[in-house]
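The annotation disulfide bond is assigned in TrEMBL to Cys211-Cys232, Cys310-Cys331. Residues or ranges marked as domain 'Ig-like' by TrEMBL: 47-158. Positions annotated as domain 'Link' by TrEMBL: 165-260, 266-355. Summarising the annotation, TrEMBL assigns signal peptide to 1-15.
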Amino acid sequence: LPLLLEATLLQLVSGFHRPFYNGFYYNHIMNDKGNGQETVDYFNGAKLVVETPKDPVYSSNGANVTLPCRYYYEPDLEAKPKIRIKWSKLRDDYTKDQDVLVAIGKTYVAFGDFQGRAHLHQASRREASLVVSDVRLQDDGKYRCEVIDGLEDESNVVELRLQGIVFPYQPPLGQYKLNFHEAERVCQEQGAILATFNQLFQAWSEGLDWCNAGWLADGTVQYPIRLPRKKCGGLHLAPGIRSYGPRHRHLHRFDAFCFSSGLRGEVFFLDHPAGMTLEEAKQSCQNAEAEIARVGQLYSAWKFLGLDRCDAGWLADGSVRYPIVKPRANCGPAEPGIRSFGFPSKGRFGVFCYKER
């Protein structure tokens, strides 16, 4: 990039201030002659409008997705060639937005985890859509599309939602042993991330009922209740999400609500007539050119691939579980779900393995 253009792009990252509004709109255009002078166009009378979808855009882990954004003027006005576009991701805890991409014309720079994965889609006039390839769990959330034409700066927000599943998680040490940072880590170890409130609410609306409080991505502690009961907030409260509000991220300890999305591979079951120890189970998966499955992978395979197996198997965290889509005799409760034997220190079981496609 030319030094001037690169400097301009980097300046965009720090944000722009809205001009004083007095009923007119101004265009402030860089002079391409390189003599340091600027051209100011007063009172063009046109309002810049940025449009994004009101409904969320849905995708899944590993897919490619386009976040639509377009801009226009009221009344119509020919756009300047140096329109600047900035995409940023809003954070759940309302701290500074995460920079995704900035562009001038056909030249753009992507930032952080979006490098090599984000670019503009400008197939039509005045389009500023963002394309994200190889979607990751962390990409879920709200994005701001910002268009800057001189001194005018307008933006709108579009939400990306990953199709996924929320599951509660306790470590082998038992209930309420995780501070916020430990909760983040154990979810990542299980092929997942800490769930957002919107993801937990969606899971609750689909039937999740869990009486143990867990961390969410914004640092709050909450839990979903479908059937009110005495030990879960009281019989007098309506069904809903119970909240402890923000907690101290180092001192307070709870469980975790993790979020996992679609898989890029498959989960399969291996057995042995005499069963296997945990170490033998790990080796069996390696012999099959796979790895022992994580909890999040088992939940995803159950929800999205219909994995149904009435045989208990080891998972990577040392727990023993099995997935049931069609409840039947001798396979646990009458509802579909992931059955858990906890973290047995002894015993011989089968194993669930995961293999990338």
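Yeah, the Cβs are placed from backbone N, Cα and C, and that goes for glycine too.
These figures come from a predicted structure and were not determined experimentally.
Here the disulfide-bonded residues are Cys232, Cys331, and the one whose Cβ sees the fewest other Cβ atoms within 10 Å is Cys331. Residue counts of the domain 'Link' (165-260) by helix, strand and coil are 19 helix, 30 strand, 47 coil (DSSP-based). For the domain 'Link' (266-355), the mean pLDDT of the prediction comes to 97.
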